[in-house]
Amino acid sequence: MEYLLKASSLIAIFYFIYKVFLQHDTFFQSNRGFLLLGLISSFIIPLFVIPVYIEYVPTVIENYSLDNAFPTVKNIEEPFNILDYLPIVYLSGILFFFCRFIIQLVSLFRLIFKNKSEKLGVYKFVNVNTEVSPFSFFNWIVYNLNQFTKTELDQIITHEKVHVRQYHSIDILLTQLSCIVLWFNPLIWLYSKDIKQNLEFIADQKAQYKFNCKKSYQTTLLKTSIPSNQMVLSNNFYNSLIKKRIIMLHKSKSKKINLIKYVLVIPLLVLFLMSFNTEEIYRENSVLNSENVNSINQEVTDENDIEKFLIYNNFTDEKLKSFKAELKSKGYDFKLKSIKRKTNNLITTIDFTISKNGIDATYRIASGVPVKTIVIEYSKNKKKFSINTLDFLEDEKRNVNNPDLIEIIIDKNTTISELVNKKRFLKEKYNIIFNFKIFEQNSDGIAIYSYEIGKKGTLHSTTTTSVDNPMIIKYNPKTNSITRQGINKNGDPTYGTVSYLDNQKKFIIKSDYSDKSLESASKRLKEKGITVKFSDVKRNNQGDIISIKVNAKSEYGNVNYNQDSREPIPPIAISYYGNGKRLGLAPFKKDIHKMSKKNKTSVVSESISNTNYKPDIIEKLIRESKGKSIYILDEKKITEKELRSIDEKKISSIKILKGESATKKYGDKGKNGVVEITTKKD
């Protein structure tokens, strides 16, 4: 549907330029080219996208929220949405107008071929007995000989020959097909009408030059102005706008300087392309990525035993093809079974298999948010695959030699008493809830069980499995995180997930932030144990940030984010768990955080959008009013941006008006509330 909306918008641009600037000029041939260009380009331009490259560290996006506990797909029942039925309505319209087009085409050919035709040169003349307005269709010229005198018929045929020689029937067919595709857009029907009208202007102009008698030709136009049967897909001599045709015949030739008006469409097209036909493409920072990977397991990499391959959530289809080709060149067979994308074209679901030397592995993960960076490892010595997310591997590294780490191993040797003891210990010492149920036991012990773990409000959805799929659950008190890891029969990890129990918090950096605001943000984040540096900040003439580099550090990690664009940057979220744990930097997209109500693992997010990071007063006012209230400073209306710049030390009083008290004083403008601020007098 986005393509159709873009095509409709382009039609509107060309139609606006034609109606306002061009239709009154006598450049009929140029107008024909302009209108055809508009028609064709409206369907072609939306196919091309201008890439806006943004340097991006793909591992950052994973900090937004938790993935599903296990790499399985959840079927979420979608609520009724009338927009889901728009494709059906659109296709029904396509079918109706296409059938209508075919019926018109058949009727036209029936009229042509059921009557005798005479060929003279490239023209085929068809004399009919029915009352039909003279018309042409490609090289057929159809008329009723009994309706006109010889002079009138000569003028009509001369007119129709112009249509034939200049292939005007192609214009007609293109407009009809365009009307079928964009049938819902009223402008396309008006556009089609003006194309047909301009073709008549061209034929009138050429025919009049030959006879050199305006009065005689206009008389013929008037005689044929009485409506008769017309063929929709043909070039009719008759036109209901006969008055306009006669006016154009009398109009003086336009000055050539007016041709410059055709270029007026160029800035509008450029504006359209830059506004609607751009795509943000996030480019991985190869230097940073290689550092991240090498820091995971340096001792193995040095032995040249492990081959590593990374899949980022910003991989395009083309990138995946080149990724597959790269693997093939190294002896791997990579098969992508399915893939789904969401926000900013980032991958949210992926299912693939990879094999080498008869050894294969399958990986599948589905989530409502972009997937985390996937690391594929192949051990040459052990001849086996290991596929996990990068954050899991990093967490495993932090867990090495951690004396406080608590492990719960669930396999066929696990006893119920062991699980009960772990449950009691976690609850008493760390207030961690660990619930489990045993569904089936046999002589070997536990067979089928379910469990959930976390804190109240952040419990993971209950998972049911069997001891045939052993599980290790680890709780790290230092990072307040839970790692769940599947293991195979040999005790090797098969997959793993990391969940942070702290509520994720975000600071939002916006394009209108001043240097002072950025400095205040750094100070506020410093209190949270996070060191943030902003560099290479560039602004446009309005003072909005269009380019910035952000580096965030804590004792737990280091992340970077770079953006360089001609437009104001989108909001940037600096996210973290606890005191600097699990840092994240990425474009702030609200829909990333929308989780299913059925999914109990969704993270509670606190979104702090604070320009100057003042205590609480200003930001609380803006947050509670949701940006809809009117702000009055010393009896003068101000904007939200101006409100943020107020020095709170100078505020004397704040008065909030709602409901009747607001509308009584400010009228309808106060229906969403009014905030009155009075400053101290010097």
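Positions of Cβ are set from backbone N, Cα and C atoms, glycine also.
Marked as domain 'Peptidase M56' by TrEMBL: 145-249.
Marked as transmembrane segment by TrEMBL: 6-22 (among others).
Residues annotated as transmembrane segment in TrEMBL: 34-54 (among others).
TrEMBL lists 88-113 (among others) with the feature transmembrane segment.
Summarising the annotation, TrEMBL assigns transmembrane segment to 259-276 (among others).
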Overall pLDDT for the domain 'Peptidase M56' (145-249), taken as the rounded mean: 82
Sequence-remote partners of the transmembrane segment (34-54) [C-beta within less than 8 Å, at least six residues beyond its ends]: 2-3, 6-8, 10-11, 13-15, 17-18, 22, 171, 174-175, 178, 181, 191, 194-195, 198, 262, 265, 269, 272-274, 277-283, 562-566
Close approaches to the transmembrane segment (259-276) from elsewhere in its chain (Cβ under 8 angstroms; 6 or more beyond its ends): 6, 9-10, 13-14, 17, 21-22, 25, 27, 30, 34, 38, 41, 45, 50, 566-567
